[in-house]
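What TrEMBL says about this protein:
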TRANSMEM  35-52  transmembrane segment
TRANSMEM  128-145  transmembrane segment
COILED    157-184  coiled coil
DOMAIN    194-274  domain 'Cytochrome c'
Amino acid sequence: MNKSALFRIIIFMILALVLFELVAGKEGTWAVQEYPLIWLILGVLFLCAYLLETSVKTLERVLYNTLSDEAKERYDAATIARKEQEFAGIKKTYAKMLGSKPIEDEGEIELDHNYDGIRELDNNLPPWWVYLFYATILFGVVYLTKYHVFDIAPDQAEEYLQEVAIAEKEIEEYKKTAKNLIDVNTVTLLTDASDLKAGQGIFQDNCIACHKADGGGGIGPNLTDRYWILGGGIKNVFNTISEGGRDGKGMVSWKADLSPSEMAQVASYVMTFQGTTPAEPKEPEGEIWEDPDAPKEIEQPAAPETQVDSTAVTFNN
């Protein structure tokens with residue numbers, strides 16, 4: 001197979017791949033990754049292209065053998081001329097960009113230096129290198145002016161920070177709807193009736209044996225008072241349910257049995273016991289827990305006392 005045939009096959013395969021990407025590709029992924037069957041189709045196309053080129057070459061040989069000697073000579077001469085002109089434009093451009101002298105003309109650029117028979121040639125810099133060097137200078141001037149002199153656009157560091165900020169917002173929005181991605185840092189107190197009802201069901205199925213149905217406490221601590229062993233508030237209660245209580249004598253971890261959303265529901269339901277009065281409340285355990293995020297109470301200044309002058313005399317007319 002000659003170079004022209006191989007070049008045609010390569011171009012054909014590149015065009016086929018580009019076509020598949022345009023038709024079946026999705027943003028952010030390659031079509032061949034999304035649809036691995038494309039590799040099989042490309043393989044079949046390559047085989048067809050190879051067989052077509054081989055068939056054409058075989059047919060050319062068969063027809064060549066049917067020619068007369070004079071026709072064969074003319075054909076051979078035309079073939080040689082065609083091969084000489086094959087990729088002539090590319091070869092000419094390559095030679096021009098290389099900028100080197102032919103070997104037979106190297107005497108024109110030979111210097112007088114001679115180091116133990118080693119001669120030195122005064123070659124010019126390759127034009128492609130010179131053009132690329134000028135292009136980098138131009139790029140540097142434009143880049144410096146655009147991003148650092150006039151601040152027309154954000155530089156790479158600023159773009160990165162902007163993209164990170166956008167991504168963080170998107171993650172937060174996603175976490176609001178993806179309930180099972182809740183953790184101790186993102187859990188919030190649920191107040192929706194459906195969530196509290198679901199939490200009540202989980203509590204009745206798993207927790208009343210130790211805490212009683214009204215949260216008054218039994219084996220486990222009282223959930224209605226202000227005293228907490230491992231801290232109160234939705235985050236601490238969620239963490240206690242997830243990771244368990246004190247080693248050896250506390251509640252077991254429930255994260256293997258309950259999903260994050262279920263733990264958030266039952267933790268929110270537990271918070272509804274605060275301030276209620278159970279039938280048989282257990283004695284307080286732990287310490288009084290104050291919410292650090294609660295608004296501080298502003299002390300009102302005491303009203304000034306009114307002093308009465310004991311020497312004042314009242315006259316009645």
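Using the three backbone atoms N, Cα and C, a Cβ is placed for every residue, glycine included.
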**Study point:** Tertiary contacts of the coiled coil (157-184), as residues 6+ beyond its ends and Cβ separation under 8 Å
**Key:** 235, 238-239, 242, 259-261, 263-264
Exercise for review: With DSSP as the reference, give the number of residues of the domain 'Cytochrome c' (194-274) in helix, strand and coil.
Suggested key: 40 helix, 2 strand, 39 coil
